[in-house]
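Student: Quick paste of what Swiss-Prot says about this protein:
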BINDING   GLY97, ALA98, PRO99, GLY100, VAL101, GLY102, LYS103, SER104, ASN201, LYS202, SER203, ASP204  GTP binding site
COMPBIAS  1-13  compositional bias 'Gly residues'
MOD_RES   SER25  phosphoserine
REGION    276-295  region 'Calmodulin-binding'
Amino acid sequence: MTLNGGSGAGGSRSAGRERDRRRGSTPWGPAPPLHRRSMPVDERDLQAALTPGSLAATAAGTRTQGQRLDWPEGSSDSLSSGDSGSEDGVYKVHAAGAPGVGKSALARIFGGVEDGPEAEAAGHTYDRSITVDGEEASLMVYDIWEQDGGCWLPGHCMAMGDAYVIVYSITDKGSFEKASELRVQLRARRQTDVPIILVGNKSDLVRSREVSVDEGRACAEVFDCKFIETSAALHHNVQALFEGVVRQIRLRRDSKEDNARRQAGTRRRESLGKKAKLFLGRIVARNSRKMAFLAKSKSCHDLSVL
């Protein structure tokens with residue numbers, strides 16, 4: 001990753017030395033200055049803040065001014081769009097999942113604030129401009145799923161957003177089942193083909209694993225979404241996750257054949273309710289290892305294709 005900045009020959013030489021020094025390290029590096037927004041925690045304040053149109057106005061506010069983040073050029077190609085994006089030019093992404101699965105950690109890594117007082121002061125939304133496949137995109141990640149401790153906010157979150165990241169912990173089978181339930185609820189609320197990515201976090205805890213990779217892929221196949229495993233602790237696949245979010249949004253908005261594909265898929269698919277009952281019944285069975293053979297892969301792990 002390189003940061004665009006500096007001026008004149010001195011700035012170029014400094015930037016070159018900085019790139020050489022980082023070349024063998026994590027591609028994320030220090031984040032540029034961020035525009036952070038704290039979300040209210042009282043339900044009445046939330047309702048006032050998230051009334052129709054106000055959230056879009058918030059997202060359209062002043063974003064990072066200063067250095068622009070360029071991610072590595074080696075990312076895989078996908079369809080790209082020059083002007084594609086939400087109406088205000090910002091892709092809104094919601095992180096959802098059971099408590100303790102690491103969705104806040106993933107959001108903070110994306111936002112560039114992880115530890116110390118800065119993380120506490122960052123609030124619950126993170127916006128950042130990233131370059132994916134040679135084109136810049138602005139993402140706003142909302143980590144507000146559990147703030148009010150009730151059902152109003154998750155319901156509201158399901159009604160808006162350009163993409164959803166549903167996170168579970170590979171060390172907690174219960175969080176995996178919760179992620180499956182959220183997927184069903186989300187599709188029932190959002191009839192449009194909004195991108196949904198199932199994320200198995202904490203992949204570094206190999207000895208404590210309760211959910212296999214095959215189970216995660218099978219779940220994504222059954223519920224028609226994408227799948228990726230990450231480790232917030234090691235920063236593994238976090239960049240790939242958010243780049244994949246951008247690609248999935250672009251692919252759906254740029255594809256001329258999307259409507260025909262969706263209509264054909266609707267005729268083939270069973271009802272989500274039946275699928276949910278069938279799947280949840282299988283994952284509690286002792287022979288859950290056989291789940292990998294129940295569905296053929298359709299590249300659910302490849303976030304650069306539909």
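Each Cβ is built from the backbone N, Cα and C atoms, and glycine gets one as well.
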Student: Check the binding-site residues GLY97, PRO99 for other C-beta atoms within 10 angstroms of each C-beta and report the one with the most.
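Tutor: Neighbour-count leader: GLY97.
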Student: Just how spread out is the GTP site if you go by the largest Cα to Cα distance in Å among GLY97, ALA98, PRO99, GLY100, VAL101, GLY102, LYS103, SER104, ASN201, LYS202, SER203, ASP204?
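Tutor: For the residues that bind GTP, the greatest Cα distance is 19 Å.
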Student: Among the binding-site residues ASN201, SER203, which residue has its Cβ surrounded by the fewest other Cβ atoms within 10 Å?
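Tutor: Result for the binding-site residues ASN201, SER203: minimum number of other Cβ atoms within 10 Å at SER203.
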Student: Please list, in sequence order, the residues in the chain of VAL101 (GTP binding site) that are at least six apart in sequence and whose C-beta is under 8 Å away from its C-beta.
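Tutor: VAL101 (GTP binding site) has long-range Cβ partners VAL167, TYR168, SER169, ASP172, SER175, ASN201, LYS202.
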Student: Let me know the model's mean pLDDT on the region 'Calmodulin-binding' (276-295).
Tutor: 56
Student: Is PRO99 (GTP binding site) helix, strand or coil when read with DSSP?
Tutor: coil
